[in-house]
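Copied from Swiss-Prot, the annotated features are:
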- GLY2: N-myristoyl glycine (LIPID)
- 28-35, 71-75, 130-133: GTP binding site (BINDING)
Amino acid sequence: MGNSLFKGFSKPFSRLFSNKEMRILMLGLDAAGKTTILYKLKLNQSVVTIPTVGFNVETVTYKNIKFNVWDVGGQDKIRPLWRHYFTGTKGLIFVVDSADSNRISEARQELHRIISDREMRDCLLLVLANKQDLPGALSPAQITDVLQLDKLKDRLWNVQPTCALTGDGLLEGLAWLSQNAKLK
């Protein structure tokens, strides 16, 4: 009898204390810093990267949430394939090179194309305004303005200033995702 009583309690307790999972898609133009961010979060190290052809996927645990992060290459020839990764995505991390003002309108077009897809309708949007350590980097307020995020209705979004090389701002981004996640 005692054993069956324990079994009845073990399932709710395991759900209470186990890690929840959240599928995250990390996109952005090539050379924005996506892969550097992924491995800074995973290994807490800066790694030398090459342009991603295809994808990298890693699990990053933060405050008992397992973020399954899919980092997909950002070269223009690869971008049409992004939609194949949309299914099941709960959060979009869109990485912007804040110091590359020449490509910010291209980044805006790609972001709005992604979030207008019906499969991405309900996902959280975290914009990482990366490379804040570089001269001339746009501020989070400027990124918000240029990406026209204020026009987004019925979507939770946040702009987090980051520096992938030092890790500045990355954990704050995960904290925002974990606080706003609708985990099942």
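Placed from the backbone N, Cα and C atoms, the Cβ positions cover glycine too.
Shown here: features listed in Swiss-Prot, placed on the structure.
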residue	record	contacts (Cβ under 8 Å, 6+ apart)
GLY28	GTP binding site	LYS34, GLY74, PHE94, VAL95, VAL96, ASP97, ALA107, GLU110, LEU128
ALA31	GTP binding site	PRO51, GLY74, ASP97, ASP100
VAL72	GTP binding site	LEU25, MET26, LEU27, LYS34, THR52, GLY54, PHE55, ILE78, LEU81, TRP82, TYR85
GLN75	GTP binding site	ASP30, PRO51, VAL53
GLN132	GTP binding site	SER98, PRO161, THR162, CYS163, ASP168, GLY169
| request: Could you tally the C-beta atoms, other than its own, that fall within 10 angstroms of the C-beta of LYS34 (GTP binding site)? | output: 28
| What kind of secondary structure is LYS34 (GTP binding site) part of, going by DSSP in three states? | helix
